[in-house]
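K.L.:
Got a structure for you, written out below as structure tokens; questions coming shortly.
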Amino acid sequence: MKHKHWLFFGIVLFLLVNLAGLFIPIVINAAKYAQVGREILDNQDWINMTIGGEPYDQKPPLLFWIAALIFKSFGISVFAYKLGVLLISLIGIYGTFRLGKLLYDEQVGALSAFMWATCLGYAHFHNDIHTDTLLVVPVILSIWQYAAWVKSRKDYHFYLATLLVGLAMLTKGPVAIVIIGSAVGLHLLFTRNFQAIFNYRWLLAIPIVLLMTAPALWGLYNQFGLEGIKFYFWTNNVGRIDGSYAGKNTDPVFYIHTTLYMIAPWAVFSFVGIFMQIREKVRQKFQSTTDTEFYTLGGILVYLLILSTARAKNPHYELPVLPLISIITARWALLIYDLPQFSNLRKILSSIHVVIGILLFALSGVFLLFVFPQADVWIWLVIAAMLGGFIYVLGWESGLDKQIAYLVLAVSALLFSLNIHILPEIEKYQASFGACTIFNQKAGANEKLHIFMPEARYWEVFLYSKNYGQYLVTPDDFKSVNPPANDWVFTGPEGVQELIDMGVPLDTVRILQHNSMTSLSFKFLNPKTRASKLKTRYLLQIRED
């Protein structure tokens, strides 16, 4: 590639755009995970997790421990929390580079790390943090270390990889073993490496992983007994596949169109690369050659097949295999732009990528001109500078570096418009933030803010309030807790009526208009129909009877 300095500029630009997103607040599950970390400090208990004062069993504790350590060091700062996770993820980027280099060469490693760090899935879920965001790191590092062990037979690689499996189990449970196990296991099977398959060290790995997982299991047993252990190993995993615990999505191609978004702007390269990788293996009849590897396809296809059959589906579930997809993507992107037999394919890809770049800039323009058209002049100047860079790069001689440079500029422009202007505007319609601001300004030192809602989806109320109360779902919950006079309540119209029916004396502090930051319909995005999508929320204070 002739313009490597532009690639360095591209990743710096993309990271700066990501840093701008650190100021965007978090909601729903992302807020819940941060709140669990906050309650670790409040309870001074690092084993028994709680949310809203109630025992919590949904996820293992590693992300919550990280949140608690950050909050202990910097105060309750969502910016510091998001920055901390972003910095940890740099280790995963390095692991992607090292695995790509080990399996192929340094150029593949560098480009795969670049593609992982500059895709929309990375940007999205390092601002909307889930356990899968963190899971990427131990998963890719573990696969790298196991691959290094298979190649070098040095024991320390094996044991380091096994410790990383334990960390992955502490992040999201047994799903980590599925990804790592399918990646490493299928590689050993297809390469007929029976010496490694039947190595006695795998028996040693079991107690090591269980020992690493012990803090999570201890906390679950303390709070839920054997049912907590069953939940960790079975219910929370199999129950999401068959729908008995969670999930109703039966879309078999969900992760095909999800991948288009998650790996963008590299999606075309990715789909072509995965197709070429599968075709290569089929033509080789899955025989082992000197440069054969099955780690990437093994980890990707088995995991995505399981996810596709599961009833519980979410885009962030795909995160742990995006670095593996990036390695295949980088490998074939380099081959396509290097080998003469791909000349026609190069022309097709180049044309498609120009269209994608133009569409990304056009989407930025639609957001700034029509969705929230009050953007400051300096925002337009930055977008114009990026567009100028895009046009300049189009004049380069055709090559892979050209594709990469203008796609990074285009996706950076889109994310810049979102992080700097669009999302802050959308944030104004998240009623929970306004409620917390008023509560933090006016509430007394001993007054708490409770949530009285039928659905547990407003965890940011606890995270952003100075003194959180409890999540009360039903009238019986409210009667059981019986919040004292002067406590505050965040609720909706149904909740107000139920409180009135219970005879709770109330003062209405503020009536707020609400649309969730995670529910952006076309009617909401259209200024002319936005009002029709707004719901009413109430900030109430219980008065003396």
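Here the Cβ of each residue, glycine as well, is placed from N, Cα and C on the backbone.
Because TrEMBL annotations are produced automatically, they should be read as predictions rather than curated entries.
What TrEMBL shows for this protein is this:
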TRANSMEM  6-28  transmembrane segment
DOMAIN    59-217  domain 'Glycosyltransferase RgtA/B/C/D-like'
TRANSMEM  62-95  transmembrane segment
TRANSMEM  107-125  transmembrane segment
TRANSMEM  132-149  transmembrane segment
TRANSMEM  161-190  transmembrane segment
TRANSMEM  202-221  transmembrane segment
TRANSMEM  254-274  transmembrane segment
TRANSMEM  294-313  transmembrane segment
TRANSMEM  349-371  transmembrane segment
TRANSMEM  377-395  transmembrane segment
TRANSMEM  404-423  transmembrane segment
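Structural setting of the listed features?
P.N.:
Listed by sequence, the residues of this chain that lie at least six past the ends of the transmembrane segment (161-190) yet keep a Cβ under 8 A from its Cβ atoms are 59-63, 131-132, 134-135, 138-139, 141-150, 196-197, 204-205, 208-209, 211-213, 215-216, 232-233, 236-237, 286, 288, 292-299, 302-303, 306, 320-321, 324.
Listed by sequence, the residues of this chain that lie at least six past the ends of the transmembrane segment (377-395) yet keep a Cβ under 8 A from its Cβ atoms are 6, 354, 357, 361, 364-365, 368, 402, 405-406, 409-410, 412-413, 416-417, 420-421.
When Cβ-Cβ distances below 8 Å are used as the criterion, the transmembrane segment (404-423) is approached by residues 1, 3, 6-7, 10-11, 13-14, 17-18, 20-21, 23-24, 114, 118, 120, 123, 127, 264-266, 353-354, 356-358, 360-361, 363-364, 367-368, 371-372, 375-376, 379, 382-383, 386-387, 389-390, 393-394, 396, 517 of the same chain, each at least six residues removed from its ends.
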K.L.:
Thinking of Cβ pairs under 8 Å, which stretch from 6-28, 62-95, 294-313 has the most of them with the transmembrane segment (254-274)?
P.N.:
294-313
K.L.:
Who are the long-range neighbours of the transmembrane segment (62-95) in its own chain, taking Cβ under 8 Å and residues 6 or more past its ends?
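P.N.:
Same-chain residues near the transmembrane segment (62-95) but 6 or more away: 18-19, 21-23, 25-26, 33-34, 36-38, 40-41, 46, 49, 113, 116-117, 122, 126-127, 129, 131, 133-134, 136-137, 140-141, 144, 167, 170-171, 323, 463.
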